[in-house]
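Database features, via Swiss-Prot:
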type	residues	note
ACT_SITE	Ser320	active site, charge relay system
CARBOHYD	Asn165	N-linked glycosylation site
CARBOHYD	Asn200	N-linked glycosylation site
CARBOHYD	Asn222	N-linked glycosylation site
CARBOHYD	Asn280	N-linked glycosylation site
CARBOHYD	Asn304	N-linked glycosylation site
CARBOHYD	Asn466	N-linked glycosylation site
TOPO_DOM	1-11	topological domain 'Cytoplasmic'
TOPO_DOM	33-650	topological domain 'Lumenal'
TRANSMEM	12-32	transmembrane segment
Amino acid sequence: MKSSRKRTKRRVLQDMSISGLLLSVALLPSVVSAQDHVYLDPSSSGSPYLGPQIPLTGLPALTGTHEFTLRHIYQRGTHDQPDLHRRLDIKPHTRLWAVSDDGLEKELVTFDTPLVASSSPLTIQRLADRRLSVIEGYLAAARSRGEAVALSPSEWVMDTLAGPNVTDKESVLTFAKMTANDYIEEPGSGDWHYIHGRFNYSSSFGWQSDGLRGHIYADKTNSTIVISLKGTSPALFDGAGTTTNDKINDNLFFSCCCGQGGSYLWRQVCDCQQSAFTANLTCIVEAMNDENRYYRAAIDLYSNVTDMYPDANVWLTGHSLGGAMSSLLGLTFGLPVVTFEAVPEALPAARLGLPSPPGHDPRLPQSRQYTGAYHFGHTADPVYMGTCNGVGSICTWGGYAMESACHTGQMCVYDTVEDKGWRVALSTHRIEAVISDVLEVYEDIPPCAPEEECYDCELWKFFKSNGSESTTTSTTTTTTAPTTTRTSTCKTPGWWGCLDESTTTTTTTSTTTTTTTTTTSTCKTPGWFGCKDPTTTTEATAAPSVTTSIPTPTTYPTSSTSTCKDPGWFGCRDPPSTTASITSSPSTTSTCDDPGFFWGCYDESTTATHPITSGPSAPYSTPSPTHEHTCTSSIFFGLICVGSTGTELR
C-alpha cells in the first residue's frame, strides 16, 4: 500500500517537471523578444536557456578615423535679407571657387587632399532633452526672467560620446583647414534650395556681404557631421571687405555695453548705458536676441542640418567670430567644439541665459566643466587673448569694441611670444597664418586647461529693468552766502579802467576826536597806462582840542606835493618825498626846461617853504597856496609837454 503511494507520487512529480519544462520552452520566444539588441547563440539552439546579451553591430564606435568631404553649404541671412535661408548641395558637377583672404582673388577648387580626423571618447555634461522646442523654451524663459532657468539635476546627464581627438596634430590641422575654406559657387553650376520658400534672389545681394555661412562636412557613412561656421570676416581680421553688420554683432556680443562707455571711435549698437560704467542688462540681452543676430542664425542653421542627419554625431568648428558662435551653439545643445583664434565668448554666454548644470554659477560659464569645447590659439593674437581694446589698438581704430577676455571650456595656447619672440599684432590672427606658422610648425599639441580665474567687465555695474533694479538717490545741500554788491557809474572810461574822479571817505567818530581822510584825484593829462598829472594828496590830521561841555574838534591841514622824476610803465618809480609843517604846507614849484623824450620832465624840483606864523584862534583850517602849470608847447598828440608856465593861486 505504501509502495503504491510512493510510485504514484513519483509519477506526479515527473509529470509536473515535464509540464514546467514545456511551459518554459513555450514562453522562451516572448522573453527573447522583450530584449533589445540580443540574439541566441547558434551553438545553443537546442538549449532551453538564454544565451549572453551581445549588442548588435551598427552602433558608433568611440574611437576611429573619419574622412570628411564637403556636402552642403548653408547661408542664413541676418540684416539685409533676414528671411533668406538656403542650401547648396555639392554634387560631382558642382564647380566651386575658393575665395582668398582679401576677397578679390578666386580659384577653382580641386578636392585632392582628403580631410582626415580621428575621434576619441569625450565626456560632456548636457541636457537630457535637447529638442529645439525645449531649448527655445529655456531661452525664452531666461529672456523674460532676466536670468538662466534653474533646472533640477535629473534633467542633466553625463554622456560619453565620440568626439574629435584634440591630441592628434593631423586632426587639429583638418579642423583648421575646414575653417579656412571659404567657398562660393560658380554661377550656373549649382542649384540652391530655399528652405523657407522660394526667395527672390537678386544679383546685387553679395555672397559675402551678409549672413552666416555654414560648411557641412560628412564622413563616408554619414555617421559624423562637422559644421564649420563662418561669419562675414571684418577687414581688420581677415582682409575681406568689412560691413557694418560685423561691427554690430561684435560690439553687441563682446562689448560690456554695446560699444558705449569707452572710446569715441567704437561703433555704438544700442542705447543701454545709464551713467558712467552703469548699464541696463535687460536692454542688452534683448538686443542680442534679435532674430537678425548671428546667434539666432546659428540655431536656425543647426536645426536644419539635424533635420537632414537626425542620427549623426555633430561636431562644430569655426575661426574668430565663427568660432565664438560655434562655442555658443555647442554650449546650448551640448556638442563638441574645436575653435581657432575665437573671440572670448564667456560674456555673451552668460547674458544669453544658457542653461547651466547645478552647482555652477550661470553668470560665470567659464567655470563649467565637461563642456566639450577646445579653443586653440597663440599668445601673439590680441583678439584671442582679449587685449584688442586699448586706445591705440587697431580694433579700436576700426570701431570694434572687443572688451571680453574669458573663454569657456578648455584653452589650448601656443606661446609664440615666448617661444618665437613674436610681437602682439593683429596680423597673426588670420587663419592662414595660424596654419602655416603655428599649427604646422609646432611638433606637439599644447596642453589644454580651463580659464576659471577670469572675469569680464569688472568696472561695470549692471541692473535689470524688470522691477528689481536698484535705485540710487543723492541729496544735494545748497548753502547761500551773503553777497556784496558794488555799483559804480563811469562817465569817462579809459583803456584800463575809469578816468573819473574817485573819492573815498572814511569817517571815524569818537567822543573827543573825529578823523576824516579825503583823497581827490583829477586827471588833466591822461596817458596809455594811466594819468600823467602830478599826484596831490591831502591828509587832514586831528590835533587835541580843548574839551568843554561839548567837545569841538580842531584840525590843522598838512599838505604834501611830489613830482615824478623817473616815470615807469605803470606808475612813478621815484622814492616818495614829503615835507610837512604843522601850521603851513610847503609848496613845490617846478618849471620843465628839459622835457623827456616820450614823457616826464628831467629838471630838478625847487621847494619853497613859507615862514611859520601863529595859529588862528578860530577852529578852521587855513588853505595853503598852490601852483598851477599851463603847457605852452606839446608833442606826440598832446601826450608830452615841452614848455609850461606856472601861476600861483590863493
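Any Cβ shown, glycine's included, is placed from N, Cα and C.
The model shown is predicted, which means the values in this text are computed figures rather than measured ones.
In the three-state DSSP scheme, Asn280 (N-linked glycosylation site) is classed as strand.
Under a cutoff of 8 A between CB atoms, and with a sequence separation of 6+ in the same chain, the neighbours of Asn222 (N-linked glycosylation site) are Tyr309, Ala312. In three-state terms derived from DSSP, Asn304 (N-linked glycosylation site) belongs to a helical segment. Around the Cβ of Asn165 (N-linked glycosylation site), the same chain contributes Ala117, Ser118, Ser119, Ser120, Ser171, each under 8 angstroms and 6 or more positions distant in sequence.
In the structure shown, the C-beta of Ser320 has more C-beta neighbours within 10 angstroms than that of any other entry among the recorded positions Asn280, Asn304, Ser320. Looking only at the topological domain 'Cytoplasmic' (1-11), the predicted model's pLDDT averages out at 46. Here the C-alpha separation of Ser320 (active site, charge relay system) and Asn304 (N-linked glycosylation site) works out to 23 Å. Asn165 (N-linked glycosylation site) falls within neither a helix nor a strand when secondary structure is assigned with DSSP, and so counts as coil.
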